[in-house]
Ligand SMILES: NC(=O)C1=CN([C@@H]2O[C@H](COP(=O)(O)OP(=O)(O)OC[C@H]3O[C@@H](n4cnc5c(N)ncnc54)[C@H](O)[C@@H]3O)[C@@H](O)[C@H]2O)C=CC1
Ligand SMILES: O=C(O)[C@H]1O[C@H](OP(=O)(O)OP(=O)(O)OC[C@H]2O[C@@H](n3ccc(=O)[nH]c3=O)[C@H](O)[C@@H]2O)[C@H](O)[C@@H](O)[C@@H]1O
């Protein structure tokens with residue numbers, strides 16, 4: 001089947017390459033000519049494990065090509081819309097201008113009876129707006145097929161997804177939805193044959209399945225981070241708490257890892273867009289809920305800065321601080337709404353001399369953060385540090401040797417804001433270790449109490 005993929009970013013490039021690997025002939029279209037050029041050289045324009053290999057296969061078989069020219073989509077039977085839907089610059093709502101723009105550019109090139117299928121994450125009701133754009137082409141089929149891949153495991157997630165969701169006119173069982181269901185079944189035939197569940201529903205449900213899924217993942221992360229705050233206030237340990245909770249299969253341990261919270265190009269903007277949708281639809285509970293999830297998440301970044309300040313005895317100004325990690329999570333070079341860079345920026349604003357290192361994301365970060373020093377070598381970044389913060393849990397940081405790192409730094413102090421280090425091993429090597437939610441503030445307060453009591457005793461003598 002000939003397929004076009006419009007928008008070849010983190011989602012579209014992976015989608016195009018995996019469709020080609022399933023045997024389809026795919027043209028990827030993007031307005032960014034440098035991205036297109038790179039993709040045609042079988043080089044992913046971003047770090048995504050396994051994508052280069054898939055691109056190379058697609059280019060070698062001749063089934064995968066990228067272009068800026070929408071006319072190349074003319075003979076495709078299916079067109080997947082994969083352009084960005086970022087948060088609007090002035091409100092919580094999603095900016096749908098790229099989606100509308102791409103659809104308008106595609107319109108003159110649509111073959112008779114072609115299918116236009118959206119994959120971008122959109123507010124409920126968007127498909128109806130798109131239907132209006134396509135109104136003069138009653139022959140064109142419209143479908144919505146939200147995507148659930150994660151960056152860093154995008155190739156695997158696309159080849160072995162947990163489920164396929166088809167939003168079709170009229171929903172499951174409706175005659176109007178049958179043609180687009182059949183087209184999507186042909187596209188995903190290898191996945192369906194492999195037993196991947198596929199759910200057919202109406203447009204509003206498909207749109208909401210995606211938003212609600214991201215909202216739930218964000219809720220889980222913020223829930224455990226709120227528990228982390230309780231743990232710090234009470235002397236409990238959030239890692240032990242989440243491990244025990246997660247063993248209950250009704251709860252599960254995934255997305256229950258407390259720390260610096262979520263970032264990236266999707267969860268933060270999607271929960272804000274969800275809030276805006278709830279307000280528009282007069283459902284205040286969802287608006288308030290998502291508001292709380294967002295604020296708990298952002299608070300984790302401020303808490304990390306406060307713990308860093310505490311570790312520097314109240315003064316960040318002039319301190320030499322090294323941050324391990326710039327990407328919003330490991331195995332990606334994506335720095336969109338990166339919690340690590342947010343903390344780096346806050347520390348720099350407080351007067352600390354901040355150096356950030358990352359295995360993949362530095363090229364994306366240095367232009368956007370001129371007040372921060374970036375250093376590609378972990379070893380050089382650590383030299384002379386008075387405080388180390390682990391903010392993105394790349395494997396190579398988790399497996400650092402505390403004794404070797406100890407020879408590089410000026411003071412052996414680490415804030416493990418992802419709660420991933422073997423704290424005992426680091427402490428044995430002479431490090432002061434703090435996490436988020438590890439009960440340390442109570443310990444610190446108790447120590448403070450003990451010291452104050454000691455001081456009183458001494459004064460009384
Ligand atoms: N990044 C991810 O892991 C996932 C993203 N999504 C959703 O997919 C959509 C895309 O996200 P990303 O790929 O992360 O964004 P992105 O920003 O990496 O990619 C968007 C691409 O669309 C291109 N584009 C913009 N306007 C265009 C037009 N008129 N014609 C052709 N191309 C155009 C841009 O140049 C860019 O390459 C968003 O709605 C996002 O929420 C959904 C699931 C996973
Ligand atoms: O709509 C999207 O774009 C995608 O958003 C997320 O995927 P992604 O943003 O790639 O990354 P995740 O692995 O979900 O992590 C998101 C953030 O949550 C944080 N996180 C995750 C899990 C956890 O237990 N704790 C935690 O803080 C991560 O560090 C990261 O910053 C969803 O997991 C995907 O299903 C969805 O398709």
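Keep in mind that glycine also has a Cβ here, set from the backbone N, Cα and C atoms.
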Further binder of NAD(+) named by TrEMBL next to 30, 35, 85, 269, 336, taken from the candidates 60, 121, 129, 378: 121
Residue in 156, 172, 329 which TrEMBL records at the substrate site where 210, 255, 256, 257, 258, 259, 263 also bind: 329
Packing count at residue 266 (active site, nucleophile) (other Cβ atoms within 10 Å of its Cβ): 24
Listed binding-site residues adjacent to ligand 2, that is, members of 30, 35, 210, 263 whose C-beta is under 6 A away: 263
Recorded positions close to ligand 1 - of 30, 85, 266, 269, only those whose C-beta is under 6 Å away: 30, 85, 266
Which same-chain residues, if any, lie at least 6 apart from residue 257 (substrate binding site) yet have Cβ under 8 Å of it: 221, 224, 242, 418, 419
Rounded inter-Cα distance in Å - residue 258 (substrate binding site), residue 85 (NAD(+) binding site): 28
Residue 269 (NAD(+) binding site) CB neighbourhood, other CB atoms within 10 A: 23
Reported mean pLDDT - the domain 'UDP-glucose/GDP-mannose dehydrogenase C-terminal' (322-423): 97
